[in-house]
Amino acid sequence: MSILKKALTTAALATALIAGSAHAQDGEKMRIALVAKALGIGFFEAANKGAEEAAAELGDVEIIYTGPTDTTAEGQIEVINSLIAQKVDAIAISANDTDALVPTLKKAMQRGITVISWDSGVAPEGRAMQLNPSSAPLIGNTIIKLAADHLPEGGDVAVLSATTTSTNQNTWIEEMNKVKGDYPNINVVATVYGDDLADKSYREAQGLMQSYPDLKAIIAPTSVGIVAAAQAVTDAGKVGQVNVTGLGLPSEMAGHVKSGASQSFAIWNPIDLGYSATMIAYHLAKGDATAEPGATIAIGRMGEVTLDDNTEAAMADPFTYDASNIDEFSSVF
Amino acid sequence: MSDATEAPTHTGRQIPDRLQNPLTRALQSWEALLLVVAVAIFIANSMASPYFLDPWNLSDATFNFTEKAMIAFAMALLIISGEIDLSVGAIIALASTAMGLAMQAGAGTPVLVLVGLATGLLCGAFNGLLVARFGLPSIVVTIGTMSLFRGISYIVLGDSAFTGYPSGFAWFGQGYVFWVITVELVIFTIAAIIFGILLHRTNFGRMVYAIGNNATAARFSGIRVERIKFTLFLLTGLMSGIAAICLTSRLGSTRPSIAAGFELEVVTIVVLGGVSILGGSGSIPGVVIAALVMGLVTFGLGLLNVPGIVMSIIMGLLLIGVIALPRLWSMARRR
């Protein structure tokens, strides 16, 4: 009796836990999975908005927005495996690791799933094409230009990046270093890593201000780092002395732009990015476009993209946000 | 996990006037409870998603737990003996990095495997030495080596990655032995059998329990406590090395962030498997079923596209629920 009761209680608990989230599947629509680096990041939530917009425009598309809890390759592999199991039509992924996802994504392609990467790319053998929000040289130039624009006399600047293994940030910093010569007054003194964690980025920013008392600007090419750095500057009472710039989300940066901790920053529009990624995945899965060097793919209201020799494409130029336009965009994403 | 923390886990229980018959005892065991949970989750999954009952999908799903469970077997023995190793994820990172270096030096698959195993053993020996020889608390030692081992990987690799492992090496993490039975699943099964025999059928296993229940009494009984603890750390290192081979092979690449957070998931499997975190009790079958439960829950929820954050909450509730239920039950019965 007691065993039976114990067993039943447990079974009921487990069933409730699992079945509670079941939902109906729609078999007729094309299912496109938009895979984020991790859930709960504003940038990817905004990309999902764009994907839903594209789905509404196309009509016969269902968006599955998913991703792991932490920004790990292992977590994304579990997510991809479950998408393969669901036999989705296309996977559009922003990768946590260029190489580690390749075997799993190859398996997805073998089972007939269209795979593209967007934002943070996958090695060529693991995807049909990669959609870059902008081109790396343009971004690299933009982030140092943003710092230089507000430093007519030049000075020390430091970079606060995400993790040491972040594909995106590393490419941009590399490109930034290539064009450093164009800004002779700007002296890049250090690159530190906040791991895209708010508390660690905050401490790294504090450390920068302590190590380099003459620091004039912090360039944070990550949406987590730039907010943490702006907060650290505000808390240190250095608004006006240290300008925080880089890449961030308008909604998270609005307060810091108004307080003056950040004069300006840039970002492409993640809504447009999610929208374009969905459009490309749709056309490739449908078979009315091919992913080969030189091919052009229509991306709805965003026009079209042309693939380069590495089957990569750039969507648009990054866009600068400052006090004049921040209110307009902070409510959007 | 010092000797002082080994408080008695059973308090105020009545002494029965006769022995239960073995069948009742088996049915009332932790493993039976877990098995019911596993079956319930399996049934719930197959009802919730049309994609669940597909041999290939279930085969893919095993990757959610095989590597972690391999380490969990050794970790179970370690926790039963009253110690813990939180550096297992970092050992994977270091072993994977060592294999990457060997690969760059032109090593073939057999050498890579040896390098992975040797690195795991060395890391385990280092932990074991600090704990068994110098009597340092294992939780402190392994929190330290967790940063140390992974730190070395970061120094070697920085923001780069090792790629281009030989194609034969992919067999461990991507290969199939027979139909949908993956190589990793076979390694998992063999490890389960070996550790099951080691813990439940050998003198060594009895000594592990004895140490976990009362290290002082065990020492007075002539058990060489330090030597056994050292061996257990070696075993944990070895299993981490094997997991490193599988994971590196599956990912086909090495980055220093590989296997981040594995240690907590391994400990979760062990605790869910009914191993007392205070040491002294637990079983390998329990750990096997716990690994299955973890794998089934994460895969089943993944099929329903439940966000990872919600999944973590559910895993947490499941852990607390499964651990609290028997205790609440016995409290209610005594009243």
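Cβ atoms are placed via backbone N, Cα and C, with glycine included.
Please treat TrEMBL annotations as automatic predictions, because they have not gone through curation.
Note that this is a predicted model, so its numbers are computed, not measured.
Taken verbatim from TrEMBL:
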{"type": "TRANSMEM", "residues": "B:32-53", "note": "transmembrane segment"}
{"type": "TRANSMEM", "residues": "B:73-99", "note": "transmembrane segment"}
{"type": "TRANSMEM", "residues": "B:111-132", "note": "transmembrane segment"}
{"type": "TRANSMEM", "residues": "B:139-157", "note": "transmembrane segment"}
{"type": "TRANSMEM", "residues": "B:177-199", "note": "transmembrane segment"}
{"type": "TRANSMEM", "residues": "B:230-252", "note": "transmembrane segment"}
{"type": "TRANSMEM", "residues": "B:258-279", "note": "transmembrane segment"}
{"type": "TRANSMEM", "residues": "B:286-303", "note": "transmembrane segment"}
{"type": "TRANSMEM", "residues": "B:309-329", "note": "transmembrane segment"}
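A contact links the transmembrane segment (B:258-279) to the transmembrane segment (B:309-329), because at least 3 Cβ pairs that are 6 or more residues apart lie under 8 A.
Ranked by number of Cβ pairs under 8 Å to the transmembrane segment (B:32-53), the listed stretches B:73-99, B:111-132, B:139-157, B:286-303 are led by B:286-303. For the transmembrane segment (B:177-199), the partner stretch with the highest count of Cβ pairs under 8 angstroms, out of B:111-132, B:139-157, B:286-303, is B:286-303. For the transmembrane segment (B:111-132), the partner stretch with the highest count of Cβ pairs under 8 angstroms, out of B:73-99, B:139-157, B:230-252, B:286-303, is B:230-252.
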